[in-house]
Ligand SMILES: [Zn+2]
């Protein structure tokens, strides 16, 4: 049996889509929502997959430190990175890809969650990033633990 729970973390961040060619190439920001879907095979003595407070501590802790009130940029975006370095103080997080909702969800699922959940006995199976109330992207793992899909709801991502 597998049991799944979800913890939602809200944060604000700026970004731009490098070489987008449209308005998403301007510096702008979103009130993001990140949904972390966590699964485990058994419950503890209290009857929980894992304490929601522990998930909040782990996920919100990482988001607050790295992404909340930061600018998230593509590592190829030298112009944007150099511009932000002029700002004091500067909070910037550089991704290996454009900071779309799709790539942010994938990054959290593949790079961040395994580190945060190490030793907890639970696994993050799916991360959804809501960029607006109407648009989200999600990255999920199949039963073998491979990246399965990136799905989009609503209109094409307006980033
Ligand atoms: Zn955007």
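Glycine residues also receive a Cβ, built from the backbone N, Cα and C atoms like all the rest.
Whatever TrEMBL says is automated annotation, not expert-curated.
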* According to TrEMBL, 28, 30 bind Zn(2+); which of 15, 66, 69 is also listed for that site? -> 15
* To do: Have a look around residue 24 (active site, proton acceptor) and count the other CB atoms within 10 A of its CB, chains all included.
  => 16
* **Between residue 131 (active site, charge relay system) and residue 30 (Zn(2+) binding site): CA-CA distance (Å)** => 6
* Structure fact -> Row residue 30 (Zn(2+) binding site), column other C-beta within 10 angstroms, all chains, value 18
* To do: Would you identify the secondary structure of residue 30 (Zn(2+) binding site) according to DSSP, in three states?
  => strand
* Rounded distance in angstrom between the Cα atoms of residue 131 (active site, charge relay system) and residue 15 (Zn(2+) binding site) -> 11
* Listed recorded positions (15, 28, 69), ranked by Cβ neighbours within 10 Å, top entry -> 15
